Amino acid sequence: VIYPLVSPTGVIAITLDNTLVILSSVAPDAGRYYTQAVNDKNGENKTSHPILLTVEKGFYIAPYVIFPSMLYCREISRMVCFTMVITWRKDGVVVSTGIRDFGRRLTISLPAVSDSGYYECEATLRSSTVPPVNAGAYLHVLDHPQFVKEPVQHISAEMEKVVDIPCQARGVPQPDIVWYKDAVVISPVKMPRYRVLVGGSLQINGLLPDDTGMFQCFARNLAGEIQTNTYLAVTSIAPNITAGPADSAVIDGMSVILHCETSGAPRPAITWQKGERVLASGSVQLPRFTLLESGSLLVSPSHLSDAGTYTCMASNSRGIDEAAADLLVWARTRITKPPVDQSVIKGTKAVMSCGVTHDPSVFVRYVWEKSGSVVDVSTSPRLRLDPDGTLHLSQTWSGDIGTYTCRVTSVGGNDSRSAHLRVRQLPHAPEIPSAALSQVEKRAINLTWAQAFDGNSPLIRYILEVSENNAPWTVLLANIEPEWTGVTVGGLIPARSYQFRLCAVNDVGRGQFSKETDRLSLPEEPPSAPPQTVIASGRTNQSIMIQWQPPPESHQNGPLQGYIIRYCLSGLPVDCQMKNITRPDQNNLLLEDLIIWTNYEMEVAAYNRAGRGTYSHKVTEWTLQGVPTVPPGNVQAEPFNSSTVRLTWSAPSPQFINGINQGYKLLAWEAGQEEDVTMVTVRPNFQDSVHVGYVTGLKKFTEYYTSVLCFTTPGDGPRSPPHRLRTHEDKPGAVGHLSFTEILDTSLKVSWKDPNEKNGVLTGYRISWEEFNRTNTRVTHYLPNLTQEYRVTGLTALTTYTIQVAGMTSKGQGQLSSSTISSGVPPEMPGPPTNIAISNIGPRSVALQFKPGYDGKTSISRWQVEAQIGIIGENEEWVMVHQLPNEPDARSLEVLDLNPYTSYRFRMRQVNIVGTSPPSQPSRKIQTLQAPPDISPYNVTLRTASETSLWLRWVPLPEWEYNGDQELVGYRVQYSRETSKEGVLSHVISDRLEREFTIEDLEEWTEYEVRVQAINGLGSGPWSQPVQGRTRESVPSCGPTNVSAFATTSSSILVRWGEVPQTDRNGLILGYKVVYKDRGSDSVPQYWEVEGNTSHSVQLSGLGKYVLYEIQVLAFTRIGDGRSSRPSILERTLDDVPGPPVGILFPEVRTGSVRLIWQPPAQPNGIILAYQITHRRNTSNSNAATVDVLSPSARQYTASGLKPESVYVFRLTAQTRKGWGEAAEALVVTTEKRARPQPASCPTVPQEDVQARSVMLSWEPGSDGLSPVRYYTVQYRELPDSNWTVHSASVNHEASSYIVDSLKPFTSYQFRVKATNDIGDSEYSQESEAVTTLQDGKDIMEMRLTDSVPPAEKLINGVLLGFRVRYRELQYDRLRSFTIRTINSPASNWADPDNSFRVSPPTDLSKHKRYEIRLSVYNAVGEGPTSTPQEVFVGEAAPPQSVTIQSSTATQLDVTWSPPPLDSQNGDIQGYKIYFWEFQLQNETERLRTMFLPELGVKIKNLTGYTTYMISVAAFNAAGDGPRSPPTRGRTQQAAPSRPSFLHFSELTTTSVNMSWGEPGQANGIIEGYRLVYEPCTPVDGVSKIVTVDVKGSTPLWMKIKDLADGVTYNFRIRAKTLTYGPEVEANITTGPGEGAPGPPGEPFISRYGTALTLHWTSGDPGRAPITRYVIEARPSDEGLWDILIKDIPKEVTSYTLNLDMLREGVTYDFRVIGVNDYGYGSPSAPSPSISAQKVSPFYEEWWFLVVIALVGLIFILLLVFILIIRGQSKKYTKKADSVFIPQLKPLFLLVRLQGSDSEYEVDQNRDGQQKTHSFVNHYISDPTYYNSWRRQQKGVSRPPAYGYTQPEPLHPQPLAEQDPIQPTTNTTPRHPPPLKISGSHRPVTSSSSSLRGSSVLHSLPVLMAPD
């Protein structure tokens, strides 16, 4: 039971912590208490569990003493002149009646209850200071009980009803009520249906027939007792439906109550049925069907399927009654397509839709109202109303403006929606424009006008046009603020007339222009600016041309009349001269008759009718220099020597030079060759009066003419008169073509020609000859000048002679031509020079000293020097670097033109008339000194890298151009803005191989000039040619200026802005974006884009009403959005009618009243002024409604006087100054029987309602629990995620469907719904089935061109179909349109996740062009956004060709290639990149080498030996890297392997160990085998034996060593071999049992049973750990080696049986047992007695059986022969014996070499023969040496090898400290080989050597093996 809401009263209070306190609790306070929490925001409420309060009855209080009704007051005092006064008081009030005996007695007659109280008497002495005394007592008056309310004498009541029998009494004290039934006291404890109410009445619940009887009520107190009685008769009546259900109609979604009032006793049970389906009863209640207390049925909400016949059935123990009625459910009439606010342009058509859904059987009536008045479409042909309610208004005009309301009326419900129509038109022209000259400002005109009509659209701006001097109208001001009505136009030009007109602009367009103002002229003024571009240039030495341009037209201030030119001598105090030009169109003047070579200054001014304007700035200019007009004087000329002439002269007078004396020219020319002049320029000498000069280089003994002239800059002055002279005679030059012919023993013929340089008159020739180095034998002859040959005779045979020939003039003998020759011996090839020494080493030269070699019997005519440059070696190339001719006696020479800081080695050759000698021995290696670089980096290119960086590339210097230490070689980059040479910056790059550099921190969109130079330790080289580049376009770095905004309507704001500052644009502005958001929310900002750079305003529409917006504006370029403007602009939209209040809840509902609460509207759209509440019953025929208007602060309302068990609808609306807004409705049922709602049905999603980003859910509401649903909550989850997300917690309570939006495309979801009413939340519905949204083409993830993987599938919004590449050539002056290329079927690119994601580039691009590329993805629905643009430079080179690889060493590969074809290089190739990696390991091992031109080969070093490498070469140029060539395979040569990876020991006993090892980490070739060496660390018995074993092949990787000595430490070493052996790995091991190993078992003994042997032993000392197993070892008794026979015998076993088949037949064996524990193998037991493996032969192998068989066969043969003979057959039969199998034996050679104590074994492993197998092999087949060790050896044959192969014992998983202490220091698990079978197995070829001191013996013994 839920009691009414508890409100605070005098005895009930609620504390601050929400605790309920009940004071003086009484029985009515008992009951169940609930706490209900209500959220006023969303209406959600929660109700606690009930708390039961029980109030128990108190105990009676016993009576107390009552004073009699007469009170006494006796005083005791002595009267001494005083009068005593006695006063009586009751409850402090003086009593004046009933006082007797002088106040000593107070008498109360007939006391009443009101006389009860506290009585007090006080005695006081008058006129005395004695204080008064008093005494008092209580008076209690008792009242006899009296009945206030009594029951009637007879009461009749129906069964199961509740009856109250009244009985109330009063009295003092209050009487106690006691009830009796049939004279028996009624005890409510024993009879809980009986309850005594407050006041004494008796209540009986659930009347039964036994309750019939007499009831007595007794009232008792101390004053007495009274009683009354009544008789109760309980009756039963058959049920009767007093008011049955009536046929009703209800609108879908509304509530309906089908009444069913009944009578009967007991109370009838009500059951409602629809057909055979029970809808509601005492035990059944379906959702939406509620049985009310009155028996009526509440259907809430009603559905169309609820239509039908409903039957009310009343039943009790006396019978049944029924009544039925029909319910008709109409589909609710709703406006589903309401009209929307429209703004249309005047004259166009407006369509106001009013789409309605309704019941087909219901007639719908459409009524349109405009501003409260009904629109009659029949009154105007412009109006048309369609049957579907759509209102058409054609030819709209201003009279159509207003709010249109569509009202729909029908019996299925009424609905209305409103929208505002705004008709916009062009604004009217501004009125009354006027213009007047400004009285304040010069050259200004004041314009005024009246505000224009805005055309129902806020004005954006005014446009002011001007007509200057009747010129066509042009826009003067294009953005005049719309609020202005006047403007001052300044900056006008004087003497011009102006006329103005205006027009207004709104968002419709530009209105008509206003009337033109009267034409107004400004007064003329002198020109305010001087003529422009005044320049002067000297034309001649007496004239200067001055030129100018007129002043700017805007500064001429009137028609020009001419110009005034003022000029004068510069710097001299002379008057200026004036030139007046009266033609205004003349703009130059030649100032003539000026002084030669004189500086003038000039000015120009323009003038008009108002006067002369300002002069221009002064320009200065010289008249041109003249040439000297006189030649130098006193010119004298004379020969100085045979090739020089001396001249003297005096300078001309300066006045005749006519300029600056630049010097003198001395001229000399041969007669008849005046054009071929030898000229010497001499600087002027201003100190000396006589000038001296020499003309050198003249021909000897030649006639010349000479002259002198003076020259200035303009030219040469006149020459002096020529002087004729001849140079002196001189000695002649060498004769030409000296040769020898007719060489005999005693004579030869000498020939020559005239000297090329005779230098005079040849007088003859001198010829001499002498024996070599014997001047005393010289013979000289003088010949005539015409003789040119001579026969020398009288020579000695075979003698070397020196022959000299020279010409003769008067000056003497000329240059000798000399040669040596042997008489009778022709000249020979010369020999090489020797003893080459080097000195004077410089950067570019060295001095060589040498000793000449054999001259070939003739003189040396030329010396040659060759050198090796850079790379010095025997096989390196020699290059000719220097030659020295005609110096046969030279012993040293200087070699020039060398490269600085370069290694050289020199050699020499000598040349004679026969030929060139062989080279000399090379000199020592030297290095030239350092020098600065000689050249600059070439092929410098500059590309755009980013918005603030440029990418600079160049070809690095070749190594031979470093000119210094390569570690100090680098580059210096210098860069600056191209338009400004200031602020030059530089950067030093220290890497000599660097070929690119990114210049950072530059300005965006700026042109730069860059150059590069090389530097080294000594200085800098020359600069490269400058290159230019522009940084990339970027986003603007600041927002537009002057941003403003003002609201135009309740949903629109007009925003204006200015330009972005030029320095912050960073590119071409393509448009603007207005960024706006609600300042009071956290919503994401929205963008309004404005294309183009011309419009600087926009009207934002569709905004929230009365919302404060934060507005910014940003500009964007091709790259993206720039920064937003600062600060933000705040502007609020205008107010409007409010939206509906929200959060309506009914926290308190009673049968006659309800209390509702709410929250203000979510869209207040203004300031809320009031609320209006209307409520009425929710029936179709209810029109009476109660309306109340509340204050704006009200948040709750209580409605009383309601009818119980009824459904009411409450409408709540808010008001702003614009009017009442939309109402919110809520239903409530006046009943106290409320509960939480039942969950809705499982939501369904029809496939046709599934979109890419939204789906529509549908569900059936559950029962609302008699508290209507206030809202629904919808949740969703994205599969496969398990977390639920709330999509909306405020879905309309009337909704049974809902659109879930903001979903992801192509994604699976599930949904669920819960309902909430005033009591609380329902459970969530069942989850819907999984629904997958459709694919979408919008908001696909933006691709980045740098992505190496495809986008995630969840970001594609569907199935990826392909990519689109947009590209265009990028030119900054214009942008071409994009070319689109689509790439389909991208799945192939996704197959390999290790490969980078690439899209094939377009192939139709132009080389050496810059392109912009964008990439996007698309699916089946559409295309995603394009990526941010990327700039690329096209020019990729083709791959190199003919890549060849040559293996040089184990660590080096030589790679060569050919350049790409010229037509595929796409530019200048700068170098090559060589990529190399190990085969199939590209990602892990790829490396890169870069080589620059002209290199076409590289040596790749530091590689891994015997490894296959893949090599690919790519060329690169300034555009980037070209494609790689196809990979070419090459392999390095073999090298020594690395050490084996580990060495491990196992199965260590006293005499053997199993050793295993790992393969080398780096094989570096093909492993041919291993070499194992082991030796004891200390000599054993004085002998140190070293054993070497060579294992052929790469497997096996283990070996059994069996010839060890007990307790000895051995050193084992092993290494691998390819071409040679690699490093070894070693380890030590000590044989014998380790510490803690088991002791020896007891001596074994053997028992034999047939073919089986059983070995018995006893357990020994287990050691430090329990024995884990036993091992049996065996050996042949004839000094064989012990080896393991049986492994892994369980530890509990002390005997073991083995089959003789395991042993070699006929061999005697010894056995012993070893225990094994965790510490290893223990000590072996003593050997067992020897036992033979001889088997017992079967009978068919006995000798007697064989004899019998032989005899039987012989008899059979004889019998056969006898029969044949008897038959007389003459044919002879030849007995063909059976072929006998001769076994083939393979020898096994054991090579035993004993050297001292060396022995060496070599065993063939490749035997193919089969051996007889035995069971032991099958048991333990992993050791092939058992076969050799167990068969009987022949005499004189050495013991078998002491090593073998066996499977190592598996390692035990134990801690390192617990392992066998003898294990090696490696922890790598060995690789165990597979078991080897002895028979037919391929055994490894091994060889071993052991060292023993003794003689050297070599044995080679054959060993017979088993037959094949």
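Each Cβ is built from the backbone N, Cα and C atoms, and glycine gets one as well.
Automatic, uncurated: that is what TrEMBL annotation is.
Noted in TrEMBL for the protein shown:
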type	residues	note
DOMAIN	50-131	domain 'Ig-like'
DOMAIN	145-235	domain 'Ig-like'
DOMAIN	239-328	domain 'Ig-like'
DOMAIN	333-424	domain 'Ig-like'
DOMAIN	429-525	domain 'Fibronectin type-III'
REGION	515-534	region 'Disordered'
DOMAIN	530-626	domain 'Fibronectin type-III'
DOMAIN	631-730	domain 'Fibronectin type-III'
DOMAIN	734-828	domain 'Fibronectin type-III'
DOMAIN	832-931	domain 'Fibronectin type-III'
DOMAIN	936-1034	domain 'Fibronectin type-III'
DOMAIN	1039-1136	domain 'Fibronectin type-III'
DOMAIN	1140-1234	domain 'Fibronectin type-III'
DOMAIN	1239-1336	domain 'Fibronectin type-III'
DOMAIN	1439-1535	domain 'Fibronectin type-III'
REGION	1520-1539	region 'Disordered'
DOMAIN	1539-1634	domain 'Fibronectin type-III'
DOMAIN	1637-1735	domain 'Fibronectin type-III'
TRANSMEM	1743-1766	transmembrane segment
REGION	1837-1908	region 'Disordered'
COMPBIAS	1879-1900	compositional bias 'Low complexity'
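For the domain 'Fibronectin type-III' (631-730), the model's pLDDT averages out at 91. In this chain, the domain 'Fibronectin type-III' (1539-1634) lies out of contact with the domain 'Ig-like' (239-328); the count of Cβ pairs under 8 Å, excluding pairs fewer than 6 apart in sequence, is fewer than 3.
Highest Cβ contact count with the domain 'Fibronectin type-III' (1039-1136) among the listed stretches 333-424, 429-525, 530-626, 1637-1735 falls to 429-525 (criterion: pairs under 8 Å).
Below 8 angstroms of C-beta separation, residues 429, 433-437, 443, 445, 447, 467, 492-501, 546-552, 555-558, 560, 563, 587, 602-617, 619 of the same chain, each at least six residues beyond the ends of the region 'Disordered' (515-534), sit close to that stretch. Residues in the domain 'Fibronectin type-III' (1539-1634) partition by DSSP class (helix H, G, I; strand E, B; coil) as 0 helix, 50 strand, 46 coil. In the domain 'Fibronectin type-III' (530-626), the DSSP tally of helix, strand and coil residues is 3 helix, 51 strand, 43 coil.
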